[in-house]
Amino acid sequence: MENSNISSMEKINFRTKVLSRHLNQETPIPNSIIQSFPCLSYNPPELSEPSSIFDIKEMRKLMDGHNLVERDWLYGLMLQSNLFNPIKRGGKVFVQPDYNHSKEQQREITMRRIWYLLEHGVFEKWLTGKGPEDELRKLALLDVVGIFDHSLAIKIGVHFFLWGGAIQFFGTKRHHDRWLKDTENYVVKGCFSMTELGHGSNVRGIETVTTYDSSTGEFVINTPCESAQKYWIGGAANHATHTIVFSQLIIDGKNQGVHAFIAQIRDENGNICPNVRIADCGHKIGLNGVDNGRIWFDNVRVPRENLLNSVADVSPDGKYLTAIKDPDQRFAAFLAPLTSGRVTIAVSATYTAKIGLATAIRYSLTRRAFSATPNGPEVLILDYPSHQRRLLPLLAKTYAMSFACNYLKKMYVKRTPEMNKTIHVVSSAFKATASWHNMRTLQECREACGGQGLKTENRVGQLKGEYDVQSTFEGDNNVLMQQVSKALFGEYVAAKRSKKPFKGLGLEHMNNSRPVVPSQLPSSTMRQAQFQNDIFCLRERDLLERFAAEVSLCQAQGKSKEYAFTLNYQLAEDLGRAFSDRAVLHTFLEAEASVTSASLENVLGLVRSMYTLVTLEEDAAFLRYGYLSTDNAAMVRKEVAKLCSELRPHALSLVSSFGLPDAFLSPIAFNWVEANAWSSEQN
């Protein structure tokens, strides 16, 4: 796999050429009115930047977390095929989707890429594998697919994680035997019909209705009104043959709540099945390689066995059977396995932020602008403190999110039923935090690349449109943060009522005495892990206590708990962010603790301090609720600027540690002069 490291001989050859050009320059005319300047030339940052003080390969292991060999294999596999649209710019080959293609062409090439990956064994054991190792391999390969193209990752994710995952987790042996192997081999192509025109995040409110006909042993699925049409269903518009339909189940006139059914929507020749209507969702601001569709069911009949029955079943004579009598608990058990979507979104958002930062930082290490002194040389734009302030805090946050996502993935693949609540809360918090961070990072990186950031081939600007959807699908981020706060409220009330210590969700710090923030914050204190942990725990603790008090006050006034949550949405959002930031910090500290190299540990300490202090600076809650004085807030701001200058020499090494092959970045990350030369245009 090609990488950005340049050999010693290449360095020597490059410097020889530079010296030769310098020695052979003509003597300038002394009294020339117009002074000529030499043309700009590209100087690889590997030649001009300090050598890394830490082992980049070891840092990459820490960042990627698992399955590095499989990741590199898939990178290489994609580079071998013209299906992945290789283009040559500036002496390098890059692969990326061709967004000049029409919506229809993008969809078709996405499907062809899936066939290529299938033929080369990429999807082996994605649904039939056993144990955490097979799941981690699957997640690693999906990471790599997403680095190439979000549409390809989503198309694959809907088929395997949503359709396939629903059969795995909602179904039982009869469904596993019938569907999993055929899904893994794309004999059937699945989609996932949950969202409706009238209901997205509120799954309980969906309006599709299913009844049971005991005379034929069939369920009858119906779309009773326009707002009940299934909407944004990935794969439905062109390719899917089957879908999981989420519907209200009515038995003997009683609504038993939301259940899931398997329904065929196309035959083996691609013809839409009787009593099914499908329409295209149309062109989108991104993800046009995914064929999102709308589906109406006109009394579609499916066999009784097509009910996914791990939580509840219906007998042949039409009796509703379930071991979970409480509808709320049944609904929670039913949706618990769907966390995989939030896990993969958080991870892909973080990898996309890495693409933006690797591109913008490499560009800023070779692009110059203005002079610091009269007639002096132009200055590298990353040597401007303002440019460092734009990019390096985002780099630190991306490192923090990488460790958080690795923690989340490993928790997910080792899940047990007892962990469902924890995984739901943590994945909700990390999905919101990572996707918000990604969008902010891509915008800043786009601006930091100037006009070059507008070019589609340079990826950063285009990725904004491709990934914007992550803020709302698999749960609107603001709604998810409120769900996090509701879960924390439940833990708080339960602990107080039982008079038992807090246990789980990382709330054990609530059992300790309340942290005290020093009145003075010298640099040495701000960089201590203990201080950083204390102030994050203080914020979470205080906001949880405030939120619980306000909700309890509303309830004492006769308001319902749900209405009390609604009234206190601002505290809920602040609390959700506080939980997420503290949980992310804890994963960073765990990653640091696993490191044995002093040089690696030292750099990670700087990165962690940057992550923590820029969070203190940016979140108004620290000032709003008095966790920081205005004087201390000013000291934090100064410390962030100092950390920028200290991280500046490590910028290239830190983005090189992302392990992204050159071909998956873009021309402006490398020789942007040659990439835009007339000779490149002719080729």
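Please read every residue number as a count from 1 along the shown chain.
Even glycines carry a Cβ here, placed using N, Cα and C.
Note that TrEMBL annotation is computational and uncurated.
Computed from a predicted structure; not experimentally measured.
As recorded in TrEMBL:
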ACT_SITE  GLU474  active site, proton acceptor
BINDING   THR195, GLY234  FAD binding site
DOMAIN    191-300  domain 'Acyl-CoA oxidase/dehydrogenase middle'
DOMAIN    338-488  domain 'Acyl-CoA oxidase C-alpha1'
DOMAIN    536-665  domain 'Acyl-CoA oxidase C-terminal'
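A 10 Å cutoff on Cβ-Cβ distances gives GLU474 (active site, proton acceptor) a total of 23 other Cβ atoms nearby, all chains included. Here the Cα atom of THR195 (FAD binding site) is found 10 Å from that of GLU474 (active site, proton acceptor). For GLY234 (FAD binding site), other Cβ atoms within 10 Å of its Cβ number 25. The residue listed as 'active site, proton acceptor' and GLY234 (FAD binding site) have their C-alpha atoms 13 Å apart, to the nearest angstrom. Confidence in the domain 'Acyl-CoA oxidase/dehydrogenase middle' (191-300), given as mean pLDDT, stands at 97. Counting Cβ atoms from all protein chains shown, THR195 (FAD binding site) has 19 others lying within 10 Å of its own Cβ.
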